[in-house]
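Participant: Can you read through this structure? Questions will come right after.
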Amino acid sequence: MSVIQPAVPLCLMFLTTALLLSCGFSVTEGLKHCDPGPCGPGQYWDGTECLNCPEDTFMDNDQHRCQSCVPCTQQKPDFVKLQECTSSANSKYKCPPGSVQYSHNDYDGPECKPCRECPAGYRTVSECMGDKDTACQLQSQTEETTHQSTKTSTEKESQSNHEPHWTHTSTQPNNYVAWSTNSTHSNGTPSNSPTCDGSMAIVSMVVPTIVLVCLFIALVVGYFVWRGCRHKKTNKTKQDHHLDLLGFVPVETDA
């Protein structure tokens with residue numbers, strides 16, 4: 001019994017040490033938890049006074065008595081630097097666009113990997129950003145059916161816009177002429193082929209206008225001709241009446 005009692009504290013000490021090691025405890029992390037003292041950010045305590053942190057080290061604690069500063073985090077090849085290391089702040093990095101930050105363990109530190117792409121049948125819920133990868137969600141049968149029907153309708157509409165339309169002419173019952181409305185090439189530029197919509201619209205406006213103008217001119221000309229003939233007849237009647245009053249009878253001559 002006397003042998004077992006001293007062994008208990010030793011076992012507890014070994015278990016505590018193993019637990020600290022398994023949790024990733026390090027001297028660097030412990031430096032940030034120092035006793036209160038007169039030193040501020042960017043300084044360390046040498047035992048007698050506060051001195052500035054050496055190059056490539058920092059200390060962000062305030063009112064401390066830390067005996068050394070913490071080494072700045074070094075940049076990894078895949079990361080983009082956001083902030084330079086100063087005596088009072090550590091350097092900051094992030095993964096480049098199109099990648100996400102992750103960690104294998106606490107010792108190797110973070111790394112970057114390409115963002116995940118949602119496979120077929122899944123939709124994107126949230127985009128890849130920082131240390132959060134792309135979030136995907138399985139599409140329901142209704143969403144897939146709606147997506148396929150929308151896609152099919154769009155393809156049919158696009159194909160219809162590129163096909164020639166046909167219209168029947170009025171002069172020849174069996175003659176058909178090809179025409180297109182707002183057709184475009186595959187690159188999105190308007191087609192150079194002639195269209196009949198504009199021509200038919202112009203003809204439908206010009207022809208009635210010409211007919212009305214001609215009718216108006218004919219009425220005006222007819223009015224003046226009628227007025228001239230009436231005036232001539234009136235003058236002849238007045239002249240004959242005047243001759244009758246004077247006793248003259250118009251003599252008809254042989255042609």
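Glycine residues also receive a Cβ, built from the backbone N, Cα and C atoms like all the rest.
Just so you know, TrEMBL annotations never went through curation; they're auto-generated.
The shown structure was predicted, so the numbers you read here are calculated from the model rather than taken from an experiment.
Sharing the record's features from TrEMBL:
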COMPBIAS  139-152  compositional bias 'Low complexity'
COMPBIAS  153-166  compositional bias 'Basic and acidic residues'
COMPBIAS  167-194  compositional bias 'Polar residues'
DISULFID  Cys115-Cys128  disulfide bond
DISULFID  Cys118-Cys136  disulfide bond
DOMAIN    94-136  domain 'TNFR-Cys'
REGION    139-194  region 'Disordered'
REPEAT    94-136  repeat 'TNFR-Cys'
SIGNAL    1-30  signal peptide
TRANSMEM  200-226  transmembrane segment
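In the displayed structure, how are the listed features positioned relative to their neighbours?
Facilitator: Secondary structure from DSSP puts Cys115 (disulfide bond) in coil. Long-range Cβ neighbours of Cys115 (disulfide bond) (same chain, at least 6 residues apart, Cβ-Cβ under 8 Å): Gly98, Ser99, Val100, Glu127, Cys128, Asp133, Thr134.
Sequence-distant neighbours of Cys118 (disulfide bond) (same chain, 6+ apart, CB under 8 A from its CB) are Thr124, Thr134, Cys136.
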